[in-house]
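**Q** So that we are looking at the same thing, I have put the structure below in structure tokens.
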């Protein structure tokens, strides 16, 4: 499978993923790009699961973003609804992690759109390892979101045999509002 991690902190939201594509117990490719910028660079998306399935869902999600003028939540709900009700899409096995300047979501084939606690997402075979590492770093360091994603992916790759050390990391910066 893979590992995808997303962290939001101090005016940055970051999604990173490894590059391993496996077929059974064989590594087929080590430098796949599983994290992408969508909607003119305003939305980040990462996927875990079957590569062909995930690319199909990514294309559908991008179409939903266009149809909903970049509204991440509406696009996510529309994709989840279509994914759940369309007979062909229901067979696709993948998870999407998506984020914009305001929100982050996990979209599943069961029709779930989940806004994670603490704006931390970790999916895929190494997701639990990456989530544990990222959570510890969020709670105990002042590292940037990008540094946390890099370290979480590295730790997951050291533990999970379906996660490698080739990382794609996308950073979306946004202004932070300081209370007066």
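Every residue, even glycine, has its Cβ placed from backbone N, Cα and C.
What Swiss-Prot lists as active site is 2. Feature annotation from Swiss-Prot assigns Na(+) binding site to 157, 160, 163.
Show me how these features fit into the structure around them.
**A** Listed in sequence order, the residues of the same chain lying 6 or more apart from residue 2 (active site) and placing their CB within less than 8 Å of its CB are 17, 18, 20, 21, 34, 47, 48, 49, 124, 125, 126, 162, 163.
Packing around residue 163 (Na(+) binding site) is summarised by its Cβ count: 30 other Cβ atoms lie within 10 angstroms of its Cβ, all protein chains included. In the three-state DSSP classification, residue 163 (Na(+) binding site) falls within coil.
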**Q** Cβ within 8 Å of the Na(+) site's Cβ centroid: which residues qualify beyond 157, 160, 163?
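**A** Along the chain, the qualifying residues are 3, 18, 20, 125, 126, 129, 130, 153, 156, 158, 159, 161, 162, 164.
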**Q** Let me check the 10 A CB neighbour count of residue 160 (Na(+) binding site). How many other CB atoms are there?
**A** 21
